[in-house]
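For reference, the structure discussed in these notes is given below.
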Amino acid sequence: MLVTSDDVGNENNYREGSSTTSAPSTWWGPVPLRSPFRGEHRLGRIRRNAFELHVAVWESDMNEVEHLVIDEGVYVDSLNELGQTPLFVACYSGDYCLCKLLLRLGADPNAECLGGFTAVHGACFCGSEKILGRLLKRGGKLDVVDLEGRTPR
């Protein structure tokens, strides 16, 4: 059961002996979670300890990536458990076709991963000039720095 705003004043949601004017810390029950992103974004289901979009990227399954983003509405710039975007993972692995697809689906080449890395860093890590060129063409920034002050090289 999800608690609605109508339930907040309901005394059944308070611990025994507390009044309905108790501080919020005495309120119990399921708490509705808000998305950390602006607007409504769907992160997808967890599969093999990772979000399904990231699994599809790791497996280079372009049909599944397209299906998840277009048909299922999975957020294309979601972060996995390592704090990486799908585009970063595709760039880091050197999969040019998948990078091209993710960019076409709206992936942000400047979206930051945990540590401040972007897809441009991923392209530089794998050494692919072709991927780097595609990212720069789509607005990727070369002068971005990670949390340790390093630029892509």
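All positions are counted from 1 along the displayed chain.
Yeah, the Cβs are placed from backbone N, Cα and C, and that goes for glycine too.
What TrEMBL records for this protein:
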type     : residues : note
REGION   : 1-25     : region 'Disordered'
COMPBIAS : 10-25    : compositional bias 'Polar residues'
REPEAT   : 82-114   : repeat 'ANK'
REPEAT   : 115-147  : repeat 'ANK'
Residues in the repeat 'ANK' (82-114) per DSSP class, helix first, strand next, coil last, are 17 helix, 0 strand, 16 coil
Model confidence over the repeat 'ANK' (115-147), as mean pLDDT, sits at 91
Taking DSSP helix as H, G and I and strand as E and B, the repeat 'ANK' (115-147) has 17 helix, 0 strand, 16 coil
